[in-house]
């Protein structure tokens, strides 16, 4: 892993000596967005989207069901280590091509002239749909958490508490998205402030919860339980320990997504060819550390796994909510402290969704700038504050529409949000695959590069994505029925067929890949 010094001529070429601005001109693009983000702000957007409080909290049930403490404790590092290989490879490419288009632009440049249009088309659509799915799942998760907070605040499941209907939950989701679109319509200086505040909230929130919850709990699990207990009682008909461990990894892998935000924010980041890669790598690394601490802290307050997963408990089967609630109720006779803890998580999830919309809109802006989206001329326009305002509201609207299937079936909704993990990682892997194959000999690294390790790290990243794509498509319950079928391969396969057919029937005749907009 090395850092190359940028040529002086490049560093001085426009943009007040900013190397990212100079590199953007070399790539053929005008500076249309306000370049005002520091390396800290760039990191903050990715760290806030990864948001360990969001991913671990919302999928803690999955971790408990499939393997329990042992899977979560050690599986977190398995997923984290391989995620870092993906992040390192992406950071190396980002350093060479610091544009808002990110992944799809990289695929075009790395696959060669013959394959560039098709490669960027496939990568771009998997990336943007995956991002929309992330925003959908994050904000819907917040709506569901609000539902649980209201339930516990009004007496709990066993005390006559109010359980909001699915229509109320979707209304919460719509209101959250509306507020996120409004915030993302503000100038980038405001978003920079919110992003840094969100990162600080996530960091402090983890430390508060990992210390407070097990400290308050009157009964705590032993270290042996936290590090070695392997739960096989999943009520899913699955008995293979390896299979159970694999399914338990979903919590970790779902959490460790969204760090492509640092790449999509590069046209607004100072010296992006250096600071973009730093944002990606540091967001993953710090998330791995604080996420493990959060898992340990909460799991030390776990005693009775079947009860936590039981829909008849006070939190309606929402495991972490029940852990928080019981910890305070057992000591103080009231669970209000646990509800406040859930409020800390809710704020973190809110900021996660906010940053997701920011990343979505920059991707939509870049993709439409290259003519890949319907009504492209509308979506890549920027307002007087140099914000892609139309792309912001488009992203919010699509994320709302993607949540509507939840009104008919949560199974259908889960199929759609599965794209958030697998679909997005496919988009991550494609430019890395082109980097280690078609572009292996002619790739020109930027200031950050992996040196001789680049190809090996890249292959490790590609193989990991291929592995999780297969593993997370396996059945999660036996016997398999229409209600228990894992619809991930259906959703991801359906997206691939839709993108491929649109290419064959139409786009191949007019889409030529990324186009420059620099006059002269």
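Any Cβ shown, glycine's included, is placed from N, Cα and C.
Record features, source Swiss-Prot:
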TRANSMEM  39-59  transmembrane segment
TRANSMEM  74-94  transmembrane segment
TRANSMEM  118-138  transmembrane segment
TRANSMEM  168-188  transmembrane segment
TRANSMEM  193-213  transmembrane segment
TRANSMEM  236-256  transmembrane segment
TRANSMEM  278-298  transmembrane segment
TRANSMEM  334-354  transmembrane segment
TRANSMEM  387-407  transmembrane segment
TRANSMEM  410-430  transmembrane segment
TRANSMEM  454-474  transmembrane segment
TRANSMEM  487-507  transmembrane segment
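When each of the listed stretches 39-59, 193-213, 334-354, 387-407 is scored by C-beta pairs under 8 angstroms to the transmembrane segment (118-138), 387-407 comes out highest.
Contact counts against the transmembrane segment (487-507), taken as Cβ pairs under 8 Å, peak for 454-474 among the stretches 74-94, 387-407, 454-474. Three or more CB pairs closer than 8 A are found between the transmembrane segment (334-354) and the transmembrane segment (39-59), so contact between the two stretches is assigned (pairs 6 or more residues apart). Panel annotation: around the transmembrane segment (193-213), residues 40-41, 43-45, 47-48, 51-53, 183, 286, 290-291, 293-294, 296-298, 301, 323-324, 327, 341, 344-345, 347-348, 351-352, 354-355, 358 of the same chain, lying at least six beyond its termini, place a Cβ under 8 Å from a Cβ of the stretch. The transmembrane segment (74-94) makes contact with the transmembrane segment (278-298), as judged by at least three Cβ pairs under 8 Å among residues 6 or more apart in sequence. Only sequence-distant pairs (6 or more apart) were considered; of these, at least three Cβ pairs between the transmembrane segment (387-407) and the transmembrane segment (168-188) are under 8 A, so the stretches are in contact. For the transmembrane segment (454-474), the list of distant contacts is 82-83, 85-86, 88-89, 92, 243, 246-247, 249-250, 253, 418, 421-422, 425-426, 428-429, 432-433, 435-436, 440, 445, 486, 488-489, 492: same-chain residues at least six beyond its ends, Cβ to Cβ under 8 Å. Long-range neighbours of the transmembrane segment (278-298) within the same chain, counting only residues 6 or more positions beyond its ends whose Cβ lies under 8 Å from a Cβ of the stretch, are 39, 42-43, 45-47, 50, 52-53, 55-56, 60, 63, 72-73, 76-77, 80, 83-84, 87-88, 90-91, 94, 202-203, 206-207, 209-211, 213-214, 226, 252, 255-256, 259-260, 262-263, 265, 269, 320, 323, 448. A Cβ distance under 8 Å defines the sequence-distant neighbours of the transmembrane segment (168-188), meaning residues of its chain 6+ beyond its ends; these are 33-34, 36-37, 135, 139-140, 142-144, 146-147, 194, 268, 350, 353-354, 356-358, 361, 383, 385-387, 389, 392-393, 395-396, 399-400, 403-404, 406-407.
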